[in-house]
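S.K.: Would you mind keeping the following structure in view while I ask a few things?
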Amino acid sequence: MMTENREQSPSYKRVLLKVSGEALMGDGPSGVDPVMVDMVAADIADVVASGVEVCLVVGGGNIFRGLAAAAKGMDRAQGDYAGMLATVINALMLQNALERRGMETRVMTAIQMAAIAEPYIRRRAVRHMEKGRVVIFAAGTGNPFFTTDTAAALRANEMECDALFKGTQVDGVYSADPRRNPDAERYDQLTYLEVLARDLNVMDAAAISLARENKLPIVVFNMHAPGSFGAVMRGEGLFTKIIEAD
């Protein structure tokens, strides 16, 4: 039975939001839904207005997936670089939506693209957030064979974030894909080791291990519900929290 999480609202000062490319598709099969992008921007703006420093890592699976292309014969590294470019497209869309709402925003890329974004420099990114700017990290880690989930765990640790929030198409972590298996079990809380041992397909093993090594909490929630980011920040609604064992 699904139960709504009711926990004492934690006090977050700085967080990283991982927005999957699929979360930006809306109900479409691919591409970017401008309505969905605007809704995500509105949620982020509300959280920033509450005094929380926010940075983002965006995926690119709504546009291109290097792993899928490699399965069809494309060189894996080339496919991953193409996927990095897809994340930059999503980042620019989110930047535009945030700036239309009056939010100062900076896009920083792991691969230099000086005409459209700043190069990723850790200290500069921290300074941007201290000034109240939203920082969007794009192009993953800048290296092939690493997912944007791993990039999210890496950047969250580099930015010394209090937690990593992953916005997806479902309201937490399940034992199987609930869109395909109606009997899938939903979890309110898991440990890093449980995620790895059960091979739960929420983030790749490298990302989970990186979070575990640095005791970085991960919160997985449904990005498609308006106001969901702010709600889970307050400990409300449905989500799954991944933490170290007691």
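Even glycines carry a Cβ here, placed using N, Cα and C.
Per Swiss-Prot, the features are:
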- Lys18, Val19, Ser20, Gly21, Gly61, Arg65, Thr168, Gln169, Tyr174, Asp177: ATP binding site (BINDING)
- Gly60, Asp80, Thr141, Gly142, Asn143, Pro144, Phe145, Phe146, Thr147, Thr148: UMP binding site (BINDING)
S.K.: Over all pairs within Gly60, Asp80, Thr141, Gly142, Asn143, Pro144, Phe145, Phe146, Thr147, Thr148, the annotated UMP binders, what is the largest Cα to Cα distance, rounded to whole Å?
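M.R.: The widest Cα-Cα gap among those binding residues is 15 Å.
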S.K.: For the binding-site residues listed here (Phe145, Tyr174), which one has the lowest count of neighbouring CB atoms within 10 Å of its own CB?
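M.R.: If we count Cβ atoms within 10 Å for the binding-site residues Phe145, Tyr174, the smallest count is at Phe145.
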S.K.: Given the binding-site residues Lys18, Ser20, Gly61, Thr168, Tyr174, state which is nearest to Phe145 (UMP binding site) when distance is taken between Cα atoms.
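M.R.: Checking each of Lys18, Ser20, Gly61, Thr168, Tyr174 against Phe145 (UMP binding site), the shortest Cα distance is to Gly61.
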S.K.: Which residues does Thr147 (UMP binding site) neighbour through Cβ under 8 Å, counting only same-chain ones at least six apart?
M.R.: Gly140, Met203, Asp204, Ala206, Ala207
S.K.: Near the Cβ of Gly61 (ATP binding site), how many other Cβ atoms are there if near means within 10 Å?
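M.R.: If we count other Cβ atoms within 10 Å of Gly61 (ATP binding site), we arrive at 22.
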S.K.: Go through the binding-site residues Gly60, Thr141, Asn143 and tell me which ones have a CA within 10 A of the CA of Ser20 (ATP binding site).
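M.R.: Cα within 10 Å of Ser20 (ATP binding site): Gly60.
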S.K.: For the ATP binding site, please report the maximum Cα-Cα distance among Lys18, Val19, Ser20, Gly21, Gly61, Arg65, Thr168, Gln169, Tyr174, Asp177 in Å.
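M.R.: Largest pairwise Cα separation, rounded: 23 Å.
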S.K.: Could you measure between Gly61 (ATP binding site) and Thr141 (UMP binding site) for me? Cα positions, answer in whole angstrom.
M.R.: 15
S.K.: Among Lys18, Thr168, Tyr174, these being the binding-site residues, pick the one whose CA is nearest to that of Asn143 (UMP binding site).
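M.R.: Closest by Cα distance to Asn143 (UMP binding site) among the binding-site residues Lys18, Thr168, Tyr174: Lys18.
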S.K.: For each of Lys18, Thr141, Asn143, Thr168, count the other CB atoms within 10 A of its CB; which of these binding-site residues has the top count?
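M.R.: Counting Cβ neighbours within 10 Å, the top one is Lys18.
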